[in-house]
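Novice: Got a structure for you, questions after.
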Amino acid sequence: MPINKKIKKVLVIGSGPIIIGQAAEFDYSGTQACKALKEEGLEVVLVNSNPATIMTDTDIADQVYLEPLTFDYITRIIEKEKPDGLLPTLGGQTGLNLAVELAEKGVLDKFGVTLLGTNLEAIQKAEDRNLFRELLDDIGEPFIESKIVDNLKEAVQTAQQIGFPVIVRPAYTLGGSGGGIAENVEELKEIVTLGLKRSRINQVLIEKSLYGWKELEYEVIRDGNDNCITICNMENIDPVGIHTGDSIVVAPSQTLSDKEYHLLRMASIKIIKALGIEGGCNIQFALDPEGLDYYVIEVNPRVSRSSALASKATGYPIAQVSAKIALGLRLDEIKNIVTGKTYACFEPALDYVVTKIPRWPFDKFSKGDRSLGTQMKATGEVMAIGRNFTESFLKAIESLDIRLPDFMEDLDRESLENRVKKAYDDRMFYILQAFYNGVKPEDLYEWTGIDPFYLYKIEEIVRLSLKISSNKDKILKGEVNLLARAKKLGLSDSMLGRLLGIPDFEVRDLRLKYGIKPTYKMVDTCAAEFAAETPYYYSTYEEEDEVEVSDNRKVLVVGSGPIRIGQGIEFDYCSVHAVRALQDRNVEAIIVNNNPETVSTDFDTSDKLYFEPLTTEYVLNVAEREGITDVILQFGGQTAINLAEPLSEAGMNVLGTGLKSINLTEDRKQFNQVLTSEKIPTPPGYTVFSIEEALKLSHKIGYPVLVRPSYVLGGRGMEIVSNEAELKTYLTDAVKITPEHPVLIDRYIPGREIEVDAISDGNDVLIPGIMEHVERAGVHSGDSMAIYPARNLTTKQTRRLVNYTKKICNLFGIKGIINIQFVLDRDGQFYVLEVNPRASRTVPILSKVTGIPMVKWSVRIMLGETLNQITTLKGLVPPGDLISVKVPVFSFDKLLGVDIHLNPEMKSTGEVLGTAENLEQAIYKGLKAADFDLPEGGKVLFSLADRDKQEALGVVCRFIEEGYQVLATRKTALYFQKRGLRVEKTEDPVGLIKKGDIKMVVNTPTRGKEPGRIGFKLRRIAVEHNIPCFTSLDTVEMVLQALVRVGEEEKKEVIPLSEYKKGGVLV
């Protein structure tokens, strides 16, 4: 079928910032789609608010807009660009909802824009719970007993008719947002109230709970000629009742009979055909574990998180094929670019097993609600491939980059039963513990509902582990059969080291001595029936190896692993650009990573991809097989940097900044000595190894002090403590201080934080830009709003900052990228807070707003070039004409029990960028892009700590002057009233928020982070009711500026990336 010749320009809407439920998978799918459209000769216009994405690079689309993903802004872009078509299904739920809104409100008709691929009616039928149920009824497919409601009274009546427990599912939401399982009327009222607010059409489905049934997913694709194939079927190990994004998922399914498999496959094809979806589609089923009864749970009429997993699991490029189908091509006309020979109409075949395990943020939020249900809580996921389930399962656990719990603890049977009956993020580890304690698989099936197949396989891991522990001496003396069996089962060197009581590297030496080495197999979509042109490998312990090794110069790039707080998509952006930079210099680029959501693990990003855990063992195995000595770690976040020492000790050459310099930045004593010797101020600080030493040195420094563990990312475990009692609590509860795990203690210096990213070749230094944080020191840089260019530095201060940066680069022998964080105190004195000898999360932002390809130039330096050979630019690059504001984005609504108060520990999951000709407009855009519902009037509630009340006087006055009605809690109101301000006291702030009377909350915490305190309750209730809540007066001042100084016309202005005038570089 020929492509529609009327379509010459296509608009693609991205998914926006990384949030729980919508992560990097849409950068991957959007990038693939844009490339597919350009291959067909179409002009592509892309709009996305997330600057940390590959898809917002200027070479991905012909025109790129970093603008808020709202109806008004997209309408303005359509008006300006006049696209012929809109691709609605590759930007996640955000992109889909916007496309529907644009169609329903007549914008697409007005400007002559055609929805490509799946049409409006099909989207509405899949997303509207009522229409979808009617369709299933028409085609004879079973659906769960349920009813659509749009009010609380009807919800209660429906639940009582169906019988508790019930599941609540809001329409047009992502990640199960606003949904949940209700056991009683009280829980139902709470969930439905939030669900109705989250739904775009104020509609929720109340359905009978099938908790405990098997959950299966089918990824299906259909073209406009009604050709349809299934790409992959996936089985959730966790039964129905846990969101699939929080479930451990296996592909292909392991426990279905042939009859069950084909029953659900035919149902999937029947449903996608009835809906008329053109492109990829995900269909979820509940299957009775005792028979052939099944129900359709839901359909995603778009590329989804599961699509990304299915793509990486099979090698089938779902997003690329979906984009071509949207243009009118048939499956039998689209080449499979993995094999280069077959066509997209061939169903993939798998001769291996894939396991996905979610990555949760509870290492950051230990007090958050860790229970799992229908609302997703994971920030990211890992994927592993093996020849059997246990191998892929254990490799996935190894990929999580978490400290594995110690087993063989003395837990009684009742405690274990309680820990596994209800699903928590760590349930699988307690299942392992139960097997260590002798619990039978049959009992665990009764407790968990997990299919016995998986339980027996997990028991096999424990049985072998116990055997290895009891035969330790024999193994160390050369009895290697058990060792070889353990490697085939999937046990890593580190797991074996713990069982044998020896270091990892000794396990490695032992197995290499006896020739126990991995082989590598290829993922090719066709189980080796055809040769693949895009090498994509995984390790296993078998005889035949499928890797073809070249004699080219090659470099290994270590990726950043799963998306998590503190290490997000920004590092994948850097890894992808590192690969491209190597390829530009004719160096073979080989990447190791384990995140199925990302562009770095796409089939055609690198010369070779190894889908492996990011540990010393697996990285060295790849390096040894490929004959690689050079490795780049600067772009994989802290995960990669932590490998510098073991890889160097194993003989690998870490390109760029050396191991000595990396260690120097983390050793606080040496770090301070080096900077002090060059008269560069640092806050007084020490590395301490015991509680006694910490108390003594904190007293010497003087409170408040900033405390944190060494070698962490995202400020994990970082706090400001004000006295000795708080310090003792921190050292006993938050971290475990030992000689092996010291704690850093610095004096806390109040002031403004300034952030510098620089490129150095060891002699010359280039500073693309300086960013200034809005919130004062004490809020993690990832959680701060940040302005480029810095606006409050004098010429003299800027010169001093540049001078310090150059000195630091030279002192630490920086080759490549460096990130330095300064604080400017009230007396105008700079202090160096932190030096990161690696890429930071601001690299993508500065690269885009300055036009300087920071990663590319850094890689060239690592390969031996100097800055002089690369560019004529030196020192600080002059800023362009525009102002950009980075605004962090949080997922607090998904994480119950987590305090939203900002502090030195990072909490945001993503960020957006607002760019404009003036600061207020840039702030306004950034806040809109971050999905803040900014009130232009109404009631604003203040509840402030005593220390902040005087400072807040000016802000409160301005809110009143602008016509807002200011309310306050009792003590705060009394303070303002005494000073003559028109502030109304409220005794029931929580009730007012719940009723929807309050439009904004300003709450600065006192000493309390405890859930019982009123401040904590205020913050949580505001978040759960989608009301803007700010915990910093600095932020509130900026918000107020944006609200009162930006005119209606300014609010609608859009600027493509190509029109950014950048420091002498026009991109």
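Positions of Cβ are set from backbone N, Cα and C atoms, glycine also.
Keep in mind it's a predicted model, so treat the numbers as computed, not measured.
Straight from Swiss-Prot, here's the annotation block:
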type	residues	note
BINDING	Arg129, Arg169, Gly175, Gly176, Lys208, Leu210, Glu215, Gly241, Ile242, His243, Gln284, Glu298	ATP 1 binding site
DOMAIN	133-327	domain 'ATP-grasp 1'
BINDING	Gln284, Glu298	Mn(2+) 1 binding site
BINDING	Gln284, Glu298	Mg(2+) 1 binding site
BINDING	Glu298, Asn300	Mn(2+) 2 binding site
BINDING	Glu298, Asn300	Mg(2+) 2 binding site
REGION	402-547	region 'Oligomerization domain'
REGION	548-931	region 'Carbamoyl phosphate synthetic domain'
DOMAIN	672-863	domain 'ATP-grasp 2'
BINDING	Arg708, Arg747, Ile749, Glu753, Gly778, Val779, His780, Ser781, Gln821, Glu834	ATP 2 binding site
BINDING	Gln821, Glu834	Mg(2+) 3 binding site
BINDING	Gln821, Glu834	Mn(2+) 3 binding site
BINDING	Glu834, Asn836	Mn(2+) 4 binding site
BINDING	Glu834, Asn836	Mg(2+) 4 binding site
REGION	932-1067	region 'Allosteric domain'
DOMAIN	932-1067	domain 'MGS-like'
Novice: Quick check for the class: what is the C-alpha distance, in angstrom and rounded, between Arg129 (ATP 1 binding site) and Gln821 (ATP 2 binding site)?
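Specialist: Roughly 49 Å, rounded to the nearest whole number.
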Novice: Where does His780 (ATP 2 binding site) sit in the DSSP three-state scheme?
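Specialist: For His780 (ATP 2 binding site) - judged by DSSP and reduced to three states - the answer is coil.
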Novice: In three-state terms from DSSP, label Arg129 (ATP 1 binding site) for me.
Specialist: helix
Novice: Work out, from DSSP, the number of helix, strand and coil residues along the domain 'MGS-like' (932-1067).
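Specialist: For the domain 'MGS-like' (932-1067), the helix, strand and coil counts are 62 helix, 24 strand, 50 coil.
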Novice: Cα-Cα, whole number of Å: Gln284 (ATP 1 binding site) versus Ile749 (ATP 2 binding site)?
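Specialist: Counting only the Cα atoms, the answer is 53 Å.
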Novice: Does DSSP put Ile749 (ATP 2 binding site) in a helix, in a strand, or in coil?
Specialist: coil
Novice: Run through the region 'Oligomerization domain' (402-547) and tell me, per DSSP, how many residues are helix, strand and coil.
Specialist: 78 helix, 11 strand, 57 coil
Novice: When the Cα-Cα distance from Ile749 (ATP 2 binding site) is computed for each of the binding-site residues Lys208, Ile242, Glu834, Asn836, which gives the smallest value?
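Specialist: Of the binding-site residues Lys208, Ile242, Glu834, Asn836, Glu834 has its Cα closest to that of Ile749 (ATP 2 binding site).
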Novice: Looking at the binding-site residues Asn300, Asn836, which one has the fewest other Cβ atoms within 10 Å of its own Cβ?
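Specialist: Least crowded of the binding-site residues Asn300, Asn836, by Cβ count within 10 Å, is Asn836.
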Novice: Taking every protein chain shown into account, which of the binding-site residues Ile242, Ile749 has the largest tally of Cβ atoms within 10 Å of its Cβ?
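Specialist: Answer by Cβ density within 10 Å: Ile242.
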Novice: Which ones, of the binding-site residues Lys208, Glu298, Arg708, Gly778, Gln821, have a Cα no more than 10 Å from the Cα of Glu834 (Mg(2+) 3 binding site)?
Specialist: Gln821
Novice: When the Cα-Cα distance from Gln821 (ATP 2 binding site) is computed for each of the binding-site residues Lys208, Ile242, Glu298, Asn300, Asn836, which gives the smallest value?
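Specialist: Considering only the listed binding-site residues, the nearest one is Asn836.
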Novice: By a simple count, how many Cβ atoms lie within 10 Å of the Cβ of Glu215 (ATP 1 binding site), its own Cβ left out?
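Specialist: Glu215 (ATP 1 binding site) is surrounded by 23 other Cβ atoms within 10 Å.
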Novice: If you count other C-beta atoms within 10 angstroms, which of the binding-site residues Arg129, Lys208, Gln284 is the most crowded?
Specialist: Arg129
Novice: Which chain-mates of Gly778 (ATP 2 binding site) that are at least 6 residues away have a CB under 8 A from its CB, listed by sequence?
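Specialist: Long-range Cβ contacts: Leu706, Ile720, Tyr748, Pro750, Asn903, Pro904.
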Novice: Out of Arg708, His780, give me whichever of these binding-site residues has the highest number of other Cβ atoms within 10 Å.
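Specialist: Result for the most crowded candidate: His780.
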Novice: Just counting, how many other CB atoms are there within 10 A of the CB of Glu834 (Mg(2+) 3 binding site)?
Specialist: 20
Novice: I'd like the Cβ neighbour count for Gln821 (ATP 2 binding site), meaning other Cβ atoms within 10 Å of its Cβ, all protein chains included.
Specialist: 19
Novice: For Glu298 (Mn(2+) 1 binding site), which of the binding-site residues Ile242, Arg708, Asn836 has the nearest Cα in space?
Specialist: Ile242
